[in-house]
Amino acid sequence: MPTPGSTPRPSLRIKPVEAQIAEGGADAEGHSLRRTMGLFQLTAFGIGAVVGTGIFVSLSDIVPVAGPASILSFLLAAATCVLSGLSFAELAGVIPVAGSSYAYAYATFGEAVAFLMGGWLLLEYGVSLSAVAVGWGQYLNELTGTLFGVALPDALSNPPGDGGLVNVPAALLIMLVALLLVRGVRESARATTAMVVVKLVVLALFVGLALTAFDSGNLLPFAPHGLAGIGAGASLAFFSYVGFDAISTAGEEVHNPRRNLPLAIVGSIGVCTVLYCAVTLAAIGAMPPERIGDSPAVLSTIAESVSGSATGAAVIAFGAVVAIASVVLAVFYGQTRILMSMSRDGLIPHVFERVSPTTGTPVANTWIVGGLFAVIAAVVPLKVVLDLTTIGSLAAMALVNLCVLALRRQRPDLPRNFTVPFGPVLPLLGFAFCLYLSVGFGGSTWILFLAFSVLCLLGYVAYGRRHSRLAVATDPVEGAPIP
Ligand SMILES: NC(=[NH2+])NCCC[C@H](N)C(=O)O
């Protein structure tokens, strides 16, 4: 394992914690970020990044495999997140910079692994951008259908493989958000808080409405497919939790990050878990599990069948459309910033870090990300993008758990105001849980994931290794710093 000051092979070059923190004092535009966020805002920011399409669309996948025990699937996914979230908190406390998982990997396992982590983050952010946009389109269709009686035909609202040709609304949304980001529009802290309130209110309304038709008979048999079903359900439920690590990217903008980051991570996972379990219980109570598998905008469908009118369905759909659009903005923004850090490190081409002098934003970066993931949203089935996002996020989180252990061994000297308790036990458990959930995916997801990972490593060998800023700063032959 490389240590600072040693003369490692290029792929094992690490970027020391101190260097990352020193650079972290200035944002991509060259200004220092101001520390403006407190614990409450940070927790709201976390909930805002986490609650998106997942809970609105994925019950129709989870309930058929786990039955009423889907609630346990959500708890299992949450446990995985809390364990890994503690690891994020420890690392974010030591390395409070915007690069998050990518930065942690670069400080511990070296450049090749950091590059691979960057690739997995492309699944966690970029591909999830497509997934979230597709879910948004389904609820938009539901909304226009119930309000005006017009919905897009399947051919224009679904990709090939899901009974259509191209998903127009999802791709349009991504391009529209690209336009906003290029012009420098970012969700303000106040808008984030407002969106969080909209989401919580809509989901609470759903729970209240669905509970009026609660039939406890729907809860039996509780676990029709046993433990295996619960595990498979947890793999699918995990998507709904993806995003809490965004909290660790705000390390440069938070008061007292060493205290507030861990609290906000655990707090936002906790709030989401309560919410998701309540929604699941209410949904199953209101509609027999065997019928939940049929509908795309499943929460609206249940609301309509319970209330017997379209109004309930329209309110839920409206809330989903507003709230999910804000997630697209946040995830898209996150993806462009991750690519900027990799580009500043020289691992990917400089076009990704170039900031336009007129708009002050990374214009080319934004259009490349927008174009690529709009196409994916347009033509790839939802299930495929959901599963790829999840397996990529699980891989990234599994590795973050190992980063904690590596950094403790390599840099015991660094100040840690928050340390995951019980020594290596919880990070190791976090790693094992991530592994367990990822095993739940089928062969085709694994093949896509492994092929993508190999491509990333090839990309590192072909480009990153030679253009790395660390390579430029060291003697190419000896790998030693040039005096
Ligand atoms: N990197 C991200 N924040 N991706 C968005 C995650 C999706 C979110 N958990 C949802 O349920 O829709």
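Any Cβ shown, glycine's included, is placed from N, Cα and C.
In TrEMBL, the transmembrane segment annotation falls on 39-59 of the listed ranges 39-59, 123-143. Which of 3-22, 363-382 counts as transmembrane segment depends on TrEMBL, and there it is 363-382.
For the transmembrane segment (164-182), the list of distant contacts is 129-130, 133-134, 136-137, 140-141, 152, 154-158, 325, 328-329, 332-333, 336, 359, 361, 363, 366-367, 369-371, 373-375, 377-379: same-chain residues at least six beyond its ends, Cβ to Cβ under 8 Å.
Here the transmembrane segment (194-214) touches the transmembrane segment (307-334). Their Cβ atoms form 3 or more pairs under 8 Å, with each pair 6 or more residues apart.
Across 39-59, 226-244, 363-382, 388-407, 419-439, stretch 39-59 shows the highest tally of CB pairs under 8 A with the transmembrane segment (307-334).
Sequence-distant residue pairs (6 or more apart) of the transmembrane segment (39-59) and the transmembrane segment (419-439) include fewer than 3 whose Cβ atoms are under 8 Å, leaving the two stretches without contact. Against the transmembrane segment (226-244), the recorded stretches 71-91, 265-287, 363-382, 388-407, 419-439 differ in Cβ pairs under 8 Å, and the greatest number is found for 71-91.
Highlighted: of the candidate stretches 71-91, 388-407, 419-439, 445-463, 71-91 has the greatest count of Cβ pairs under 8 Å to the transmembrane segment (265-287). Counting Cβ pairs under 8 Å to the transmembrane segment (388-407), the top-ranked stretch among 71-91, 419-439, 445-463 is 419-439.
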